[in-house]
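The signal peptide annotation in TrEMBL covers 1-26. TrEMBL lists 114 with the feature active site. Annotation source TrEMBL lists active site, proton acceptor at 175. Annotated domain 'Peptidase M20 dimerisation' per TrEMBL: 218-309, in sequence order.
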Ligand SMILES: [Zn+2]
């Protein structure tokens, strides 16, 4: 909470403050890494193009497998020991690559291969270049993240860098549907590393003015409310029935603001189902809520509050109301060590002619950084992917002029971390 207040500047203000404070303090740019990052830009664009042309919606298992083929071949070419690991709940595969060096740092880099888009999306949203923007479904979220990881490692290799013990790369195939089959592995692998860097995109400069990193993301959960009533003839004997739909409506209204009293919780009823024919009083009804959690204890408190509230009153006597909360991805909170990584990232960005780096305090969208920080062992930083916009929407794009700074950032960050005693 302290961090959120401190950094809830508008990006514009942050930019001004930063250029004042870092202009003089910034370390000298590493020209060799910068030149290598610049030289890599056409190859990054080529990688993005190839990845976008493979449609890989979360339901498209074959498409995801093709992205996995591509990513695994690239990791093989970097000299990584690679393997494919089946997710625990589906035929989707993860790709894992491990590089061994001569130093002490143990770092893991993560990004996801799946997108939210349905098959055939390229027909209406093709890959295209327009000025500083490259458009394509999933280009920012999260194919840009895969590209930044692969090419940053290539940049470091071109410099002969081997100041690390283990570099693990993990690409998962189910982030957009909650990482149910990969989250546990992300969490257990994170516990074997000092640092986890996560490559979701960051907001485009056209929207946020300044590129950034992310300090916190909500955990996700799903609340379900089920009402059991009694069926009866809606025309001839309505009073004999117990209308589950009416009771469900009553309970949804009673609980619509319930999360407002619980720190770190958010709840919104999003879909519901009741009855099946016009002339019958419905005997059952069920509603589902999207739940976001920013504190570890928020789930338990919300569940208790939901149960208490729904037992408090009945609009329709003799109906039964049952609520449950299923917790998905845990919340990501950078904490002190993640914050230290963010500060280091900001100092590295400042090496690029005082380029500012914004700290986004929190997002309502979930991220796999939640599983990584759930390990409690690794320092975790999120949103090191490319700057872009239109995620999960139409006309998704990345900003081409974020490619070089982002390669430079990852390469310098790993180089710096490798020097740590
Ligand atoms: Zn994503």
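Positions of Cβ are set from backbone N, Cα and C atoms, glycine also.
On a predicted model such as this, the values are computed, not experimentally measured, just so you know.
The distance from the Cα of residue 114 (active site) to the Cα of the residue listed as 'active site, proton acceptor' comes to 7 Å. Cβ neighbours of the residue listed as 'active site, proton acceptor' (same chain, under 8 Å, six or more residues apart in sequence): 112, 114, 142, 182, 367, 368. According to DSSP, the secondary structure content of the domain 'Peptidase M20 dimerisation' (218-309) in residues is 31 helix, 36 strand, 25 coil. Taken as a whole, the domain 'Peptidase M20 dimerisation' (218-309) shows an average pLDDT of 96 in this prediction. DSSP assigns the residue listed as 'active site, proton acceptor' to a helix. Counting every protein chain shown, the Cβ of the residue listed as 'active site' has 26 other Cβ atoms within 10 Å.
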